[in-house]
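Engineer: First, the structure itself, so that you have it in front of you.
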Amino acid sequence: MFDTTPHSGRSTPSSSPSLRKRLQLLPPSRPPPEPEPGTMVEKGSDSSSEKGGVPGTPSTQSLGSRNFIRNSKKMQSWYSMLSPTYKQRNEDFRKLFSKLPEAERLIVDYSCALQREILLQGRLYLSENWICFYSNIFRWETTISIQLKEVTCLKKEKTAKLIPNAIQICTESEKHFFTSFGARDRCFLLIFRLWQNALLEKTLSPRELWHLVHQCYGSELGLTSEDEDYVSPLQLNGLGTPKEVGDVIALSDITSSGAADRSQEPSPVGSRRGHVTPNLSRASSDADHGAEEDKEEQVDSQPDASSSQTVTPVAEPPSTEPTQPDGPTTLGPLDLLPSEELLTDTSNSSSSTGEEADLAALLPDLSGRLLINSVFHVGAERLQQMLFSDSPFLQGFLQQCKFTDVTLSPWSGDSKCHQRRVLTYTIPISNPLGPKSASVVETQTLFRRGPQAGGCVVDSEVLTQGIPYQDYFYTAHRYCILGLARNKARLRVSSEIRYRKQPWSLVKSLIEKNSWSGIEDYFHHLERELAKAEKLSLEEGGKDARGLLSGLRRRKRPLSWRAHGDGPQHPDPDPCARAGIHTSGSLSSRFSEPSVDQGPGAGIPSALVLISIVICVSLIILIALNVLLFYRLWSLERTAHTFESWHSLALAKGKFPQTATEWAEILALQKQFHSVEVHKWRQILRASVELLDEMKFSLEKLHQGITVSDPPFDTQPRPDDSFS
């Protein structure tokens, strides 16, 4: 059972509510001393060791503060023992594998088991050039160190050919089978990426290495900027240059690909690659087949290593070297619609294409999941006002979501190209393990390419307070509004879960399951409401156009527009609406947005209508059979009741004897019947007596046989026989 309090058991002791209340009771004249430059102080620890009182402060208060500091140190040691920081894990890694080069630094470690005669539970440590495993079961230590250059094959396996939680690592002389992974796919991708870099003799820069560490362990590592080549975590809030954002996105694909594979939509990061890469899980299990599919990264190495190495992972960043195109040009980062759904209105194609390219280069989609990718028949400015202003649409949408205490601050900023605002509201929570509601603080940052640009990008960071493990994570969303035409705009919404501290695998899976469920429900509801607003807007525009056209016909009747006598025609507000082309790129919006010009039943497939008719006919037949069965049962019951009534009526209406002769005849018949019955009973009794006699005779013979065959019971000589 998980702790449902806002502060979980894995949070640091200094973040508990009781600890903060005690800190507030400390006198303001005694600030904690600053640590020396050469020392590091963990969060929640207190290095104050002064014993002297401060003038004007009661001695009881100083004694209480010293006791509190002592208790906080005990809690800090207890917390460090249960949840060691990255610094402690790295020190343990260097102690356990002291023969490795000193330049090797721990990137991530996973809990797993090595399959041998028995399962050896331990931890798998990954560095830039080595894979290490350590297990200690009742002083029985097992240590394995594998250099990545020596690995010839890397496969995903199944424990007992059923549970997909194992990885097999093969070298020229050995095979190691690691199982019981909590995040097998993520670990496999990271090992595969490091293996590729080792075979290609590529090294990670300090920035890339520390970004991987922060992705795996969070931002609180127990380190400072004075520890060797430590690099602080980079905040991906869209303020960096395109080159920096691209570099970091390429690295973050490693840790986020596990979540992207479970998404129904194709990953936006994967779609930005210059070539189509094979599926990693399929290609890595069959390395030779993967070598035939992708030949862009072959090197002259060992046969097995080169064949396995040439498989490019899904999250591979594009190479800077010029390569020959393998086939037709793939879609750009924003052209995710199939060819039959591409827009036919090319009046503003050049400007919209340039704007899409600029926005895609500046702020690409987040590396989590693409939740909305739809084209609406609404202008970009109007769509922005509907979503990011105090509009009736937003108010109605928040009321439908049952959000309360909504506070929208106005946009503030130096220019129209970069603005910021903060939203606060309370959301309902249906999770039985948590509270019924939670307060939310959402920070929105708006970016534009220019003051007159039609499109914009809004980054949103949502912090939910009052829920379990609130200090571990927060959610980030990116809204990208692109103006395609005067009355058309594309809305792309991507989301990801960002971690401040790395939780346990079980807690992380619980956080991701609940968070993604709520995020997907919210944005699917938003997409449906936008589709309804779009339909209402198109209907109102069609009515206005028809009213204007009828007025023109009344004034100029000879100039009435007719097409071969089919009736008056009027221009549609949009060519795509007239042709019935649905330009939405999301699967849910295709089912939730019917075409405007279609009839009430035109959007229903004929197969669905046929199935409905068959089901209705089957139900009618079943009802008729049930009625017939009920009638048959009722008829049988009524017939039986009728027969019984007739028999009783016949007895009731029978004629009784009137004279003495008739009574004498009846008495004679009764005596005769009685004598017959007595004779029958006598025969039955006589037969019973005969059977009893036979049984008695048999039992007597059996008793005689038993008495003769049994030996005498008294085998000991009697005492009086010895004297005779």
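Glycine is no exception: its Cβ is also placed from the backbone N, Cα and C atoms.
Since the structure is predicted, the reported quantities are computational estimates derived from the model, not experimental observations.
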Engineer: Out of Ser59, Ser263, Ser352, which one does Swiss-Prot list as phosphoserine?
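Structural biologist: Checked Swiss-Prot: the phosphoserine annotation sits on Ser263.
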Engineer: Where does the phosphoserine label fall among Ser16, Ser267, going by Swiss-Prot?
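Structural biologist: Record lookup, Swiss-Prot, feature phosphoserine, residue Ser267.
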Engineer: Consult Swiss-Prot and report the residue, out of Ser18, Ser307, Ser415, Ser595, annotated as phosphoserine.
Structural biologist: Ser415
Engineer: Choose the correct range: of 540-559, 560-579, which one does Swiss-Prot annotate as region 'Disordered'? Give that range.
Structural biologist: 560-579
Engineer: Including all protein chains displayed, how many Cβ atoms other than that of Ser415 (phosphoserine) lie within 10 Å of its Cβ?
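Structural biologist: Excluding its own Cβ, the number within 10 Å is 9.
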